[in-house]
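Asks: Take this structure, written in structure tokens, and hold onto it; I'll ask about it next.
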Amino acid sequence: MIRTRFAPSPTGYLHIGGARTALFSWAYARKHGGKFVLRIEDTDLERSTAQSTQAILDGMAWLGLDYDEGPFYQMQRLARYHEVAEQLLRRGQAYYCYCSREELDAMREQQRAAGLKPRYDGRWRDSREEPPAGVKPVVRLKNPLDGEVTFKDLIKGEITVANSELDDLVLLRGDGVPTYNFGVVIDDLDMNITHVIRGDDHVNNTPRQINILKALGAPLPQYAHVPMILGADGERLSKRHGAVSVMQYREDGYLPEALVNYLARLGWSHGDEEIFSREQLVEWFDLSNINRSPAKFNPEKLQWLNQQYLKTADNERLAELVKPFLAADGCDVTGGGTPDLRKVMNLLKERVNTIAELADAAVYFFRPLEPAEELRAQYFSAEAKGPILDLRTKLATLEWEGHAINDAIKASATAHGVKMPKVAMPLRVMVTGEAQTPAINAVLELLGREETLRRMDRQLEYFLS
């Protein structure tokens, strides 16, 4: 059975790069009827926080990336890492190193001065010296001194690294906490991970991890290293490119299915398909369709995708999503006589890019907005006064339907010898405080007769003054 995993470090929020890695691992497992495992690599004691762990869990839940096992925490598995380290020590495949930080710094400085690559020189590898008192040693792997490591990356192809390029990496630190390379290998082995799908910033770690597995006589998983994500300027993705946390996109009013769709298309493709469901992603997903070149993050494309999903979203769902945004804007959407929020969503959803914009566009349905003086000056003209007063009379008694409202606007314009916009635009500004809205008869129909007339009367003083 195929088993994949996502193993973030809880030192920050779930960002775009991590979310895409999680999505690819999730999709591959789901495609093949396998298992998707979540593991929290919390061995960075200074930077790991419970808040970051929760942010990762929340981000995955919002994106719908459900896991079959976990979350497992590395700090709860220390005894297991010690057990394996002891096994390697007994076999002579690992050793204690008593070098101080100062010694290591001096060693690297000398190597740089000699034009050499800084690396551990193996001085404790076969040492028979008496260990210095009071020093907590690290445990190092006896990396092979010759030969090479070759593995087939499912995205990048065959990769070969000479063992002479690798030094004796640390397995356990002096405080007994495993290093990244050791912990991840033991976890993947114990959890029977068959496919390690991760960012290509881990490619250089792979030969080291393979040598640990070989020392243990353990089977190797298959590796797939996903190219990094760049900003539009070709630089590594950072906050200045809009690479905020996944949950920030929720706060900004993006739909999770739009972000999932966008993340999937960042470096992976299925023909020319731009928009596809989660089910289609699982059906089509294959590692062979991941591009070897870095993907470029395009906020405008993400916004466009979100707009497409908003257009077809269920109105009741949109109404629930928009409520917190409207409440933050001082709108009561539950009071008696307020417009049906679902109908408001239906009227507005094709005009916006995000839930936040949808809320902004809906505000005037739930509280009056005072028109800017420039709008009053532009539209509250002497020419409009007569038809507006006439329309006010008509609106007080007609059947409150969109077509009847439209007919009344047209009739008032005709009766006063002006074109329809000369009536519709002042009316729009009076009632909504805006110059751009959906068809004004549709707006008035949802707003209701009583509220429409109240708002008109409030603005009529500017015509009559």
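The backbone N, Cα and C atoms fix where each Cβ goes, and this holds for glycine too.
Here the structure is a predicted model, which means the values were calculated and not measured.
Annotations for this protein, taken from Swiss-Prot, read as follows:
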type	residues	note
MOTIF	8-18	motif ''HIGH' region'
MOTIF	236-240	motif ''KMSKS' region'
BINDING	LYS239	ATP binding site
Asks: So which residues does the motif ''KMSKS' region' (236-240) touch in its own chain, when a touch means Cβ under 8 Å and the partner is 6 or more beyond its ends?
Replies: 16-17, 228-230, 297
Asks: Where DSSP helix means H, G or I and strand means E or B, what are the helix, strand and coil counts for the motif ''KMSKS' region' (236-240)?
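Replies: Each residue of the motif ''KMSKS' region' (236-240) counted once, the result is 2 helix, 1 strand, 2 coil.
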Asks: As a quick check of your reading of DSSP, tell me how many residues in the motif ''HIGH' region' (8-18) are helical, how many are strand and how many are coil.
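Replies: Taking each residue of the motif ''HIGH' region' (8-18) in turn, the totals are 3 helix, 0 strand, 8 coil.
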